[in-house]
Every structure is written in C-alpha cells, then in structure tokens.
C-alpha cells in the first residue's frame, strides 16, 4: 500500500509536468492548427535561459519567470517569422497543410543545433530550489517532498491562471473564437493574427515551465541533446492526444493519466518498458478513442 | 440625392475561366436599405465577399464616405464601420449567446493584450458585456443570453448573428440571406427589424428570393450571370422584362 501511494505521488508529479507540455502543444494546435514539434526545442532553449539566469542571480524565483518570458518570446518569434508566412500561403484546400508541421520538425532540429553550437559539451544546471528528500511518515520516507509540492503548486497555479484567462477574459474569448473559425472571427473584428501570436506566446511560457520543472524534478541538469527533453516532448504529445488535442482540461487529465500509468509500469513492471508503454497508449487511444478521453463535446471549452 | 456612403464601381472578378462578376456598380446611401438579388450563382455573395476582403477583385474601385480607397481587408472591416452576417449564420456553437455577441464588440475593447490577459481591466469587460446585452435586446433575444449557441432554434441563431453584427455599432450592416430558412412570421419580424435599423445605419441585403426583399428594400440591384441587369426602386425592378426573364429562365420566380 505504501509503495502504491508513493507510485501515485511520483506519477502525479511527473504527469503534471507532462500536462504543461501537453498544454503547450494544445494551445498551438488550437490557435493555428499546427502540430508543433518545435515545442520541445523551445522548452529546452528556455530552460537554458533559466539555467543561465539561475547561475547569475542564484534565485530560482527569478530564473523561472525569466525563462517563461523567454519561452513566450521565442515561441512568438517562431510563429511570426516562420509559421505565419507558411500558413498564409498554405490553405486547407491543398496538400500544403502539412508544410507547417514539417517546418516545426525542421525548427526543432535548428534550435537543437544552435544550442549545441552555443553550449557544446557544457550543461545547464537547475538544482532543486527546495529539498527533494521525502517527508517522513511513521518512520518511512514517502515520495512527497517539498520539491514535489512546489512543482504541483506551480502547475496548479498556472492552470488556474489559464482557466481564468480562457473563461473570464476578453483575450480568452478571442482565443477560443479565433481557433474555432478564423474567417468568421476576422469578420467580427478579432485581430486573428495577433491572437494567434498570443496563443503561441502562452504556449511558449507553458513549455518553458514544463522544461524547468522537468529538469529540476529529474537530474537537475540539461544538455542540448538531453534525453529528458525528448521524453518530455513525446510524453507531452501522448498526453495531448489522450486528452483529445483540443482541450486544455483534456491535456491536464491526459498528462496525469499518462504520468500515473507510467509510474505504475516503472515500479511494478520494469523501467525498460516505459517508453514502449507510452507509445502503446498513444496507438491505443488513436485506434479506440481518437477524440480523446474528454470526447468531442466539451472539447474546446478550455 | 445624398452622397453615397459606399460606392463600388466597375467590379470584375473571375475564378479561373469563370466570370463571376463583370463591371458591377453598386451604391449605398445613408439610412437606406438596398437589396442585391438574383438567381443562384448570379454572383451576389461574390460581390459581398469582395467588399469584405474575402475575394480580391480583378478590377474596380471602392469608395467609402466619398473617398476612394483600397478594397478593405477583413481585418479593417469593423474599424471602417462595416459588419456582415454570413449565410451559414456562423455562430460559435460552444460559446454562449452572450459570448458570441461579445466577439463582435472587440473593437470597442480598449484594453491591450497584456492587461486583457491579466484581466486587470474589469470595467472593459463589463462594458463589452453591457453592449452585447443591449444588442441582444435590440433583436429581442435578451432572454437567450446564457444559452449555448448550439442549443438555439434556427430563427434564433439568425437573431443572434444579427446582434453580433450590430454590437460594433456599424454604419453599414451587410446581411447575407437574412430570410433564408425562415417562415413567413419570422420574415415579417426580420423585415420590421431591418426597417428599424435604418434610423442609425444603412443595410445591404443579399437575397435569393425576390418577394422577401421587395417590401423592405428602398432600391434593388438585380444580378444575373455576374452582371447588373436592372437596378432602381423595387416596384420598377419587379416589372422589368429582363428581371422577369432572368427569374423565369431559372425557374425561381
């Protein structure tokens, strides 16, 4: 029982980070209908910014917001200079719809290459800002540590903020409308291009947070060819697909589901099967329930 | 005769080899209701789309409030004071009626993106909500405000889409087939509404059925095969042999 609760705690923490990555992917998908493979690269680049700021300032609490801002700026930059020209040329009418998707794959490669060029063999370090030693409950150490509480707290806070933005603000209304029907939104006076860039920027900030938390929850260091970030991107995608790719709530549920399942497999079956299991879940969801666990109705509701 | 609010001259558009519009003129004066009618495929919606920046004309000039300017892009439309409804209504199914209408009021939102994201300007949101509510009341749909758009009956969706077009306080309201799919009672209601709107704006209507627009329009343009075959007061146009021929020819009379 003890071990099972620990497994759940580990799964929920990891899953909450996947949720953030999934949110980054869903936001871009909703605002521009682009499957953004560059999201992993953006998270990596912003985490390097975070690590650099942390080195200079010594404060995690300065590094995190700066990394989020950097993620937003990188992401908006990519949308504005690369995706917007591509999207304006390709329409749903022709096969060119896949162009932006291939472009994001290319951008992922470029971002990694640039990071390799800048950092080479050096690594970025983001040590845990709080203790990662588990609390002691009746003589035994459990998987819940101050660090894990912090991670869960940050993710929860971001989700509350996003929900408020989407449900209660005019920007959120515009984001939801523009993603649903850009042409109608334009006619109604929404500045769709600006809103799309805003969607990418929020996505970049979410991805940056996921990157920082993933690093500090894991080995505490990042390299340009970081395997942890490849995992983060893949798991983020799987989580987004489980959640139905349209819905922010779905992304969160998808991330948590994936995190818990993977933790159970890791603990009770074997570490070598984790990657395999993630892809198996992906394929199963696509085959059995392509609309995700939330389903068609209630999607887009944020 | 007062000066034209909107004047499109010599508009020609072709899609590949097909001539959708050829040398079309259209004038809209303040506070009048003008109908563009014609059989299916006559080019009515294409003409609308050209004025909304959805289609680029091959030739032709566009005058707005007496000044010649480039054809408006969709992004500029609301700022110019033009709003339009769509044939397919185009409501966002998963938003509430009120939210749908608020979307039309974006230009009235003074808040920038950042403070909008932070929700710092509560007053702004309330102003939008108020305006949206008033627009809904104007089309007698105030009681529907909190319903989800996909739960509405068809005639109600038409009201809501008009409210969304009204909320930006346009000078020109463009209605694409406002009577399409409506029963006689709703059509009468719609015509009364359109008449009342002319106190503050001009209305341009695209309509396929002639009888529907006859009573509400001050003037009509009749399109057939992309050309204006008749224009003028409703009664004159109705008796025009070319118009009768066009409608009889396609069996839509």
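Every residue gets a Cβ built from N, Cα and C, even glycine.
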Stretch carrying transmembrane segment according to TrEMBL (options A:147-166, A:167-186): A:147-166
Top Cβ-contact partner of the transmembrane segment (A:6-27) among A:34-54, A:97-119, A:231-254, A:260-288 (pairs under 8 Å): A:231-254
Folded-back contacts onto the transmembrane segment (A:260-288), same chain, C-beta under 8 angstroms, at least six residues removed: 3, 6-8, 10-12, 14-15, 231, 234-235, 237-238, 241-242
Stretch in A:34-54, A:60-83, A:147-166, A:231-254 most in contact with the transmembrane segment (A:97-119), if contact is a CB pair under 8 A: A:34-54
Tertiary contacts of the transmembrane segment (A:231-254), as residues 6+ beyond its ends and Cβ separation under 8 Å: 15, 17-27, 29-30, 37, 39-40, 43, 159, 162-163, 166, 210-211, 214, 262, 275, 278-279, 281-282, 285-286, 291-296, 298-302
